[in-house]
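Asker: From TrEMBL, here are the annotated features:
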DOMAIN    47-130  domain 'Manganese/iron superoxide dismutase N-terminal'
BINDING   H71, H123, D205, H209  Mn(2+) binding site
DOMAIN    138-238  domain 'Manganese/iron superoxide dismutase C-terminal'
Amino acid sequence: MTHERSTGSFPRRTFLQGAVAGAAVLAAQGVFRPAFAVAATGEEAVFKLPSLPYPEDALEPFVSARTLSFHYGKHHQGYVNNLNNLVKGKAFERMSLEEVIVKTAGDSGQASVFNNAAQVWNHTFYWNSMQKDGGGPPQGPVAAKISEAFGSYENFRKEFAKAAATVFGSGWAWLVLENGKLKITQTSNADTPAAHGQKAVLTIDVWEHAYYLDYQNQRVDYIQTFLDHLLNWDFVAQNLE
């Protein structure tokens, strides 16, 4: 099975079609659960940085506390801060994060809002895609679904690793559901599957800031470590329900 790349350069009409589907995807995905959602709340309608699902040192030695401190505390927080500055005094201020993503997908005039909103969402999804003592082959119903879609776990592993390794520059590799079928895809920069009518199931961040302090330029080593020691199959199972 081959993987596909989402470049973020689709025409506005195509994006709108995907965004309509994406709205339903995001609503159905359970991203509004308090432990995971980032939403405009209260009268001030300020977007908040969600808590990590584990302590900053929980993923050591595979992802250092130093990396998480910078990645979460500086980069992720920075996207939240940028988004709040961009939406101040605008209608977006009263929307949920997911609504902002859907409303701005493919609109060149709102590219900065989309990029920062999508990066807030993508990073939150990424933190949940990892867990302490994760990785390795899945079990039970998830294993059956992976084998059905890719032939075997090993085939999935190779395809996902290839997708992550071959993202040019900055971006993400994803396991997604599209029309009820599992597939592997890539997005560039801040792009996100919901903008293309896909339901995110799993992701790995391959922006350099995700791994450079621990792995320097060895992106492949980071990807293998993610698959072998960090991948959160419980989160995958939730997203396949």
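Any Cβ shown, glycine's included, is placed from N, Cα and C.
Heads up, TrEMBL stuff is auto-annotated, nobody curated it.
Quantities reported herein were computed from a predicted structural model and do not represent experimental measurements.
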Asker: Taking 8 Å from the centroid of the Cβ atoms of H71, H123, D205, H209 as the cut-off, which other residues in that chain fall inside it around the Mn(2+) site?
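Answerer: What remains near the Cβ centre is Y72, H75, H76, Y126, W207, A210.
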Asker: What residues, ordered by sequence, lie under 8 A Cβ-to-Cβ from H209 (Mn(2+) binding site) and sit at least six positions away in the same chain?
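Answerer: Same-chain residues close to H209 (Mn(2+) binding site) (Cβ under 8 Å, separated by 6 or more) are F70, H71, H75.
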Asker: With Cβ-Cβ distance below 8 Å and at least 6 positions apart along the chain, what are the contacts of H123 (Mn(2+) binding site)? List them in sequence order.
Answerer: H71, Y72, H75, H76, Y79, D205
Asker: Would you count the other CB atoms within 10 A of the CB of H71 (Mn(2+) binding site), including those on all shown protein chains?
Answerer: 23
Asker: Which residue counts does DSSP yield for the domain 'Manganese/iron superoxide dismutase C-terminal' (138-238) in the helix, strand and coil classes, in that order?
Answerer: 53 helix, 24 strand, 24 coil
Asker: Of the residues in the domain 'Manganese/iron superoxide dismutase N-terminal' (47-130), how many are helix, strand and coil by DSSP?
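Answerer: Looking at the domain 'Manganese/iron superoxide dismutase N-terminal' (47-130) with DSSP, the answer is 56 helix, 1 strand, 27 coil.
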